[in-house]
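Enquirer: Here you go, one structure.
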């Protein structure tokens, strides 16, 4: 069935504003909840290697539900899917507030996030189109990164004051996102009437994976974004252990401040990409990807706070410039071939598989006692080499 798309090309339509507000509040809750829950694990004396496990159960939900969430996003009005997904996040955060095992509560938040992602990105192609799609992605990424900036800091600072207050603030953010979703126009479903047989859905998802992988442009985008987000999540957890070792600071807030520097940088980089990169010139983003790994390596050797702030902001600028064009490329090409929701679901599978793999390797490295600074050096070097290999591969094909 052909994809039905209802577009309003304005970047500041009522629907777009509602999407951006909902995304900000939802992402704020995600990031505040991570650091609040990490503080809870520390307070309850969980081992250090369990910290990345928290994120692994979150991304495990993405992988488990990947064959189904794309069809959900394309079979219903995406604004309503976003509202349901934020409701699941609210339930997960509330369960942690009431003393349920934090890993179980965070898994429920992961299920909500898995359902939310294809809808939030897929709806951009229904609210705007053509040359403005990259700019719409820039707005979405800027909103997300602003939420990462404020949410991460709020989670760490509030947790230093009172962990329960931090957890309640996360639940309230998710509640606000549910309300914002109400104001998103109820657009027609992109691909209604598809089979809900689980075997058929899995087969359809695998067909979408195959279709996107066979296309050189979407394959390039999938690999690039997967490497970036896998590395980004690993860096976040590396900072939690790096700060007390390299800087001698043991509070919950400092790692969140450092993460905020990355967030600020990504806002700048996303804005630059929206102005300087088009769907026809996506390869311009590749040098920035290589430099991310180089700067991470240099950062790992620092022992002063000010250079650490500056280098992390630079990593963010490079990251924003690298990932925004790749996201836009996948949405535009994927919308035409397998549907925007399915394209983003396939992207989520790739990104979260990369996260799971990188976090697993990182957790294992911590468990066997490798010092955090050598971990950071090796991590940066491997990332730079991986993006270099991807660029060479893309140019040859």
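Think of each number as a place in line: the chain as shown, counted from 1.
Any Cβ shown, glycine's included, is placed from N, Cα and C.
Swiss-Prot lists 1-17, 74-90, 248-256 with the feature topological domain 'Periplasmic', giving sequence analysis as the kind of evidence. If you look up Swiss-Prot, you'll see 39-52, 112-144, 188-226, 326-343, 388-397 marked as topological domain 'Cytoplasmic', on the strength of sequence analysis. The transmembrane segment annotation in Swiss-Prot covers 18-38, 53-73, 91-111, 145-165, 167-187, 227-247, 257-277, 281-301, 305-325, 344-364, 367-387, and the record cites sequence analysis as its basis.
For the listed features, I'd like the structural context: burial, neighbours, distances.
Expert: Each residue in the topological domain 'Cytoplasmic' (39-52) gets a DSSP state, and the totals come to 8 helix, 0 strand, 6 coil.
Tertiary proximity for the topological domain 'Periplasmic' (74-90) is limited to same-chain residues at least six positions away from its ends with a CB under 8 Å from its CB atoms, namely 3, 15, 18-19, 22, 26, 29-30, 108-109, 111-116, 118-120, 122-123, 126, 171, 174-175, 177-178, 181-182, 184-194, 339-342.
When pLDDT values are averaged over the topological domain 'Cytoplasmic' (112-144), the model yields 80.
If one looks beyond the topological domain 'Cytoplasmic' (188-226) by at least 6 residues along the same chain, the residues whose Cβ comes under 8 Å of a Cβ in the stretch are 1, 3-6, 66-68, 70-71, 73-78, 122, 126, 282, 289, 322-323, 326-327, 329-330, 333-334, 337-343, 345-347, 349-351, 353-354, 387, 390, 393-394, 397.
Outside the topological domain 'Periplasmic' (248-256) by six or more residues, the chain places 35, 38-39, 42, 152-153, 155-157, 159-160, 239-240, 305 with a CB less than 8 A from a CB of the stretch.
Per DSSP, the secondary structure of the topological domain 'Cytoplasmic' (326-343) breaks down as 16 helix, 0 strand, 2 coil.
A Cβ distance under 8 Å defines the sequence-distant neighbours of the topological domain 'Cytoplasmic' (388-397), meaning residues of its chain 6+ beyond its ends; these are 216, 220, 223-224, 227, 283, 286, 289-290.
Long-range contacts of the transmembrane segment (18-38) within its own chain (CB-CB distance under 8 A, at least 6 residues past either end) are made by residues 51, 54-55, 79, 82, 86, 89, 93, 96, 102, 105-106, 109, 113, 116, 120, 123-124, 127, 139-140, 143-144, 146-148, 150-152, 154-156, 158-159, 163, 166-167, 169-171, 173-174, 176-177, 180-181, 183-184, 236, 240, 252, 255-256.
Outside the transmembrane segment (145-165), and at least 6 residues removed from its termini, the chain residues within Cβ reach (under 8 Å) are 23-36, 38-40, 43, 97, 173, 251-257, 259-260, 262-264, 266-267, 270, 316, 320.
Remote same-chain residues near the transmembrane segment (257-277) are listed as 134-135, 137-138, 141-142, 145-146, 148-150, 152-153, 156, 232, 235-236, 239, 243, 284-285, 288, 308-310, 312-322, 324-325 (criterion: CB distance under 8 Å, separation of at least six residues from the stretch ends).
Taking Cβ pairs closer than 8 Å, the transmembrane segment (281-301) reaches residues 217, 220-221, 224, 227-228, 231, 235, 242, 246, 269, 273, 308, 311-312, 314-315, 318-319, 321-326, 329, 373, 375-377, 379-388, 390-391, 394-395 in its own chain, all 6 or more past its ends.
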Enquirer: Could you give me the DSSP helix, strand and coil counts for the topological domain 'Cytoplasmic' (188-226)?
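Expert: Per DSSP, the residues of the topological domain 'Cytoplasmic' (188-226) fall into 28 helix, 0 strand, 11 coil.
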Enquirer: Give me the stretch from 53-73, 91-111, 167-187, 227-247, 305-325 with the greatest number of Cβ pairs under 8 Å to the transmembrane segment (367-387).
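Expert: When the Cβ pairs under 8 Å are tallied, 227-247 comes out ahead.
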Enquirer: Under 8 Å, at least 3 Cβ pairs, sequence separation 6 or more: does that hold for the transmembrane segment (227-247) versus the transmembrane segment (344-364)?
Expert: yes
Enquirer: Residue list, the transmembrane segment (53-73) vs rest of chain: Cβ under 8 Å, 6 or more residues beyond ends.
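Expert: Result: 34, 37-38, 41, 81, 102-103, 106-107, 109-111, 113-115, 117-119, 122, 190-191, 194, 198, 201-202, 204-206, 208, 233, 237, 339-346, 348-349, 351-353, 355-356, 359-360, 363.
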